[in-house]
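> OK, TrEMBL features for this one:
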- B:6-299: domain 'FAD/NAD(P)-binding' (DOMAIN)
- B:325-394: domain 'NADH-rubredoxin oxidoreductase C-terminal' (DOMAIN)
- B:424-472: domain 'BFD-like [2Fe-2S]-binding' (DOMAIN)
- B:486-534: domain 'BFD-like [2Fe-2S]-binding' (DOMAIN)
- B:562-623: domain 'Nitrite/Sulfite reductase ferredoxin-like' (DOMAIN)
- B:634-768: domain 'Nitrite/sulphite reductase 4Fe-4S' (DOMAIN)
- B:C643, B:C649, B:C683, B:C687: [4Fe-4S] cluster binding site (BINDING)
- B:C687: siroheme binding site (BINDING)
Amino acid sequence: MTKTADFISICRLEQLERERGATALVAGHAVAIFRTYDDQVFALGNYDPFSKSSVIARGIVGTRGDIPFVASPVYKQAFDLRTGACLDDAGVSVPAYEVRVEDGLVLVGPRKR
Amino acid sequence: MSTRKTLVVAGHGMVGHRFVQAAIERGLTERYDVIVYGEEPREAYDRVALTSYYEVGADALSFLPGGKYEDPRAVVTLNTEVTAIDREAKTVALSDGTTQAYDVLVLATGAAPFVPPVPGKDLKNVFVYRTIEDLQAIEEAAKTAKAGVVIGGGLLGLEAANALHKLEVETHVVELAPRLMAVQVDDAGGATLKRHIEKLGLTVHTGVMTEFIDADKDGVEDGKVSGLKFKDVDEVLPADIVIFSAGIRPRDQLARDCGLEVAERGGILVSPNMQTSDESIYAIGECAAPGGRMYGLVAPGYTMAEVAVDALLEGPGEFLGADMSTKLKLMGVDVASFGDAFATTEGALELVYSDAVAGVYKKLVISEDCTKLLGGILVGDASSYGILRPMVSSGIALPENPEDLILPASRGTAQIGMPDEAQVCSCMNVTKGEICKAIHDEELTDVPAIKQCTKAGTVCGSCTNILKNLLTEEMEKSGKAVDKSICEHFAYSRQELFDLIKIGQLKSFDAVVEAHGTGRGCDICKPAIASILASQFNGHVLDNKTTGALQDTNDAYLANLQINGTYSVVPRIPGGEITPEKLIVIGEVARDFNLYTKITGGQRIDMFGARMEQLPEIWKRLVDAGFESGHAYGKSLRTVKSCVGSEWCRYGVQESVAMAIELELRYRGLRSPHKLKGGVSGCARECAEARGKDFGVIATEKGWNLYVGGNGGAVPAHAQLLAGDLSKEDLLKYLDRFLMYYVRTADRLQRTSTWIDQLDGGLDRVKEIVLHDSLGLGEELENEMARHVDTYFDEWKATIEDPEKVARFVSFINAPGTPDPNISFTEDRGQIRPVTFDEPVSLGSSIPVGAPQ
């Protein structure tokens, strides 16, 4: 169990549009938060290693097979929302963070292992 | 003394022009100065398309607008005829009284219309059908004429009849032979063709001989045509115009006068390398007779031109006869004839399909043992020509049920195993093997790519269907189905999705995916569906309930994303016209937000380096000053570029800026399969480079020429003429139809040029749909465009007026006042420039953030 203290609250769930991303500032880092069609919430590092810019939250959200993903808005590489793994380039990934939704609040926690 | 030699070309027709082009391309001009004399007042033009002169004007038919070759060592002199050849002195005499020396002389004098010695042939209003001047004279005479007669029911005669009919003259076609197009088709084919033509309102008289042409006044020399008297018919057919189109004769007089050998039936005798009996003189095209035979088609003439250039470069090229197969569309009727069409081979059998109701006649000529196709005739439906003609030239075995080859498609489709050496494209001489190899090696996946790579199908286009079939075959062989699905979520092409959305009146991605797809979409299908929804319903692109989450990178924030995550803003400057006040506003905005500025290629000003959260503020400044931010992004109209036009320019003939502004304001915001660009030039000098645009408008003395399908980029394409000398009303009507049909039917990310290429029938198909409304869609397409124009709104202004949409434009949802530390600039040449970081930049955890309570 992760302690609640490691999670910080970001925004209310309804502030997030479905199948879109928003950028949050978490411990000084830009983090991309996504709300999927079925109201799951995921968090990835916002920095796109391909374009070297802070843009992941602005990509299109969808599915590849059963995998929920976001496509970088710059060169369109797909990242798995659950793990941060790049689906188009096996060696590359972005950090993925733990997320909880409690009482309508979106909380982002530590980096997933 | 120069060692350069002089090459004189007599004649600047289609073949003479092709010769000069080949001479330049293959480096013959490194050794020779090429001097071309054309006796017509204009440079070479497309005589095959002569009839379209009435629609598009002379400029559009020209092969060399401006009359200058790119290579200055090839020079054309017009209005000048070669009148005599002195073989001894190696000089030619010219109609202007001077002489010109040559080292090599190429005769490309073409052919002249044959006018039979009928009494009355010199009367006023008797014409031939060969040059633009002939057509101008006919046009003038047609203004006061009620009825006209074309003497000759061959290919050219029917072209002339078509022209006369279009000039709204009651038209008669008179043919001595018992049927139309006697050289190409048999009696039954001729009868089918006749029924088609009579249905259009023309009258056809076959098997009749003209006795004399009647004049309006007897015995007066300058009498005018009043009628036509047939032999064995008492009544005179009243007519005000007579056009002779009864065949052509080689123009070989120059050769005869200087003692060159000529063929028995006319034409300058040449060896297989196009040399005449004088080794310094060549003859090519219709004036030449290789092996004693003249060829009255342009394709063999082009081959002769290439062979002559090759010979002059000491190459091995030889002219070995030509495939005289023809396929054409006459007054909307397909006619094709190929191989042994008249079954002259011993023992040949005929297989006939005839549907008098539909007006279709097809005949195959088959070898005695039923194993080979020898030739055939197709009237009314020549769609199988592309499959049949190569079967003749390659001699491959017939399928088991050869009748399947000519039965309507629904009845049977024969599988044909063509051997690799079978010639698929006869114009460019490309075999099946070469095409399949290209598909395989270059991993080609569509027909335009095959055309570009192999050149097959780039001249007459009749093999396009075979290319399509070969592609499918090859892809299937390698396990790759030609998959038209847009992505894994929808098993449909963009066009199919467009129709499904339209029919189902689906208004959101959820509705579309529920009805026709799987999963939750991706970066391919979502923007495509957003574009289709925008084309059909024209809502706000950022509307949360419908398209807000579907937009691609730039559309999602209504600006252009740049490399460091900032945006550029490009205010719309319609037609490139801007007041000093507005220029100052752009300067002030750029200065106040510290933006990098640059002039674009589309006559606008681009301001770079705006952070996402600054965009609404920037738009507000622009809106307040009377601007809208512009679509410099997205699959939509970008700009309509213009030259300054007749309001200021000494050469302009129409007001191009006003037209460009009108077009840009009309089509702005139109969502399309790919970006769209337009251009308007005020005269033929084309300073706006309109022919490099998806739609280009070029002013003429009489109105506007409309060109479509141009683009710059990696594979540049010149726009082609859709229609000429249009009024403004017609221009808008045709452009509305063209753009809407493109929006409806093109594939995702398909520019207009490739879209036109892959349509069955190419540009001709577009003309049928847009100009002649062959699908009956004209009004619907115009209405759709009218709705687009009526419902257009400034989407940036609408965004800043809607707090829900503005909410999207924040750096951090939980720290809206903190700029993203990953964005940083340095300075270069007095302006900002992005700095990129190899790792994400952290602000440290010192900044307190949290959810608003």
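Glycine too: its Cβ is placed from the backbone N, Cα and C atoms.
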> Output the single range from B:6-299, B:325-394, B:424-472, B:562-623, B:634-768 maximising the number of Cβ pairs under 8 Å to the domain 'BFD-like [2Fe-2S]-binding' (B:486-534).
B:634-768
> Do we see three or more Cβ pairs under 8 Å linking the domain 'FAD/NAD(P)-binding' (B:6-299) and the domain 'Nitrite/sulphite reductase 4Fe-4S' (B:634-768), pairs being at least 6 apart in sequence?
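These two segments touch.
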> Would you count the other C-beta atoms found within 10 angstroms of the C-beta of B:C683 ([4Fe-4S] cluster binding site) for me?
20
> Can you tell me which of B:424-472, B:562-623, B:634-768 gets the most C-beta pairs within less than 8 Å of the domain 'NADH-rubredoxin oxidoreductase C-terminal' (B:325-394)?
B:424-472
> Sequence gap of 6 or more, Cβ distance under 8 Å: name the residues on the same chain that satisfy this around B:C649 ([4Fe-4S] cluster binding site), in order along the sequence.
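Listed in sequence order, they are B:C643, B:G682, B:C683.
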> Note the mean pLDDT of the domain 'FAD/NAD(P)-binding' (B:6-299), expressed as a whole number.
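Here the predicted model's pLDDT, averaged over the domain 'FAD/NAD(P)-binding' (B:6-299), is 91.
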> Considering the binding-site residues B:C643, B:C687, which residue's Cβ sits among the greatest number of other Cβ atoms within 10 Å?
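Counting every other Cβ within 10 Å of each candidate, the maximum falls on B:C643.
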> How many helix, strand and coil residues does the domain 'BFD-like [2Fe-2S]-binding' (B:424-472) contain under DSSP?
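Counting residues by DSSP class gives 27 helix, 4 strand, 18 coil.
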